[in-house]
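Participant: Straight out of Swiss-Prot:
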{"type": "ACT_SITE", "residues": "D250", "note": "active site"}
{"type": "BINDING", "residues": "H17, H19, K102, D250", "note": "Zn(2+) 1 binding site"}
{"type": "BINDING", "residues": "H19, V20, R21, N45, H139, L222, H254, A266", "note": "substrate binding site"}
{"type": "BINDING", "residues": "K102, H139, H177", "note": "Zn(2+) 2 binding site"}
{"type": "MOD_RES", "residues": "K102", "note": "N6-carboxylysine"}
Amino acid sequence: MTATTDTLTITRPDDWHLHVRDGEPLRTVVPHTAAQFGRAIIMPNLRPPVTTAQQAAEYKQRILAAVPEGVAFEPLMTLYLTDNLPPDEIARARDAGVVAAKLYPAGATTNSDAGVTDLRKTYKTLEAMQKAGLLLLVHGEVTSSDIDLFDREAVFIEQQLIPLRRHFPELKIVFEHITTKEAAQYVKEAGRFTAATITAHHLLYNRNAIFTGGIRPHYYCLPVLKREVHRQALVQAATSGSDKFFLGTDSAPHPAHLKEHATGCAGCYTAHAAIEMYAEAFDNAGALDKLEGFASVHGPAFYGLPRNTGTVTLRRESWTPPDSFAFGEAALKPLRAGEALPWRLVA
């Protein structure tokens with residue numbers, strides 16, 4: 001890393017949690033990510049979900065076709081864990097270059113209706129993953145209607161994650177997009193096979209952002225933004241230098257008319273300015289010197305992959321993202337649309 005008061009050069013980062021959708025929208029969102037990141041973990045929650053090595057390989061080719069010419073970018077593919085994903089698919093997936101499977105509790109978030117209804121139904125597949133070295137990526141929320149929305153992550157740790165870890169002590173688990181002090185503390189105290197990703201929006205905002213001046217649907221995501229005490233705990237974890245925490249945007253594009261709706265979709269689109277938003281969060285915390293580890297070093301180490309060899313440079317320079325991007329036949333409104341950002345990617 002090299003830095004001055006107004007510029008910062010770091011090893012090219014990776015995004016360890018990304019949604020790019022499919023079809024025509026790929027042509028908008030993939031270039032945004034490829035401009036900043038060397039690699040990205042691609043979420044499998046399409047309709048239908050990506051549940052086979054063959055589907056993952058085909059999806060990867062569609063993503064690569066949307067990467068601008070001359071840009072080096074590698075999508076890292078995942079499978080969607082279901083109650084009946086066969087264990088023998090894991091070996092095929094590993095041989096095809098798939099790196100992980102994603103656990104969505106059924107009903108927890110966008111396109112999660114095919115998700116897991118009972119973790120015990122997946123145990124044979126998880127055993128195969130532990131043996132093959134595939135990672136388990138976890139959306140860590142319970143979905144019981146009697147559990148308060150803001151408590152679902154903390155309850156998941158006690159009811160699901162602790163027993164899961166006890167059964168599979170050497171399965172590498174990424175607790176994705178953590179949002180609470182309880183999650184940060186759990187990961188900090190867990191063994192070397194547990195890590196977590198943190199989004200830029202959960203570092204920058206608490207739940208007040210959803211309600212400032214009225215309902216602001218573009219700040220609505222799952223897991224939902226939490227109290228300020230939780231945001232502060234996430235900032236402390238991200239800027240601590242611990243290799244258990246690394247960058248995962250959870251950038252989740254939706255057509256604007258489905259966000260700005262009576263029952264709007266969950267998800268914040270941040271890929272257009274992701275590394276700039278992380279720089280802002282780390283700068284706010286007085287920890288720009290910790291950004292490279294979080295963005296470029298800890299993730300590859302946990303996944304057992306080499307670091308990227310290139311660099312990116314950020315400059316302290318105010319700029320304003322556009323109000324929207326084309327998204328197939330719809331419009332995509334990014335987080336911070338029309339609002340000034342203090343850091344800009346320049347190389």
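Every residue number used here counts from 1 along the chain in the order it is shown.
Note that Cβ sites are derived from N, Cα and C of the backbone, with glycine treated the same way.
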Participant: What whole-number Å value do you get for the CA-CA distance of H17 (Zn(2+) 1 binding site) and N45 (substrate binding site)?
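Facilitator: N45 (substrate binding site) has its Cα 12 Å from the Cα of H17 (Zn(2+) 1 binding site).
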Participant: Taking R21, H139, H254 as the binding-site residues to compare, which has the smallest set of other Cβ atoms within 10 Å?
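Facilitator: Relative to the other binding-site residues in R21, H139, H254, R21 has the fewest Cβ atoms within 10 Å.
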Participant: Going by DSSP, is H139 (substrate binding site) part of a helix, a strand, or coil?
Facilitator: coil
Participant: Which ones are near H19 (Zn(2+) 1 binding site): of the recorded positions N45, H177, D250, which have a Cα within 10 Å?
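Facilitator: Close recorded positions: N45, D250.
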Participant: Checking the binding-site residues N45, H177, A266, which are within 10 Å of the residue listed as 'active site' at the Cα level?
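Facilitator: Within 10 Å Cα-Cα: H177.
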Participant: Based on Cα coordinates, which of the following binding-site residues are within 10 Å of K102 (Zn(2+) 1 binding site): N45, H139, H254?
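Facilitator: Qualifying among N45, H139, H254: N45, H139.
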Participant: What binding-site residues among V20, H139, L222, A266 are found with a C-alpha within 10 angstroms of that of H177 (Zn(2+) 2 binding site)?
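Facilitator: So far as Cα distances go, the binding-site residues lying within 10 Å of H177 (Zn(2+) 2 binding site) are H139, L222.
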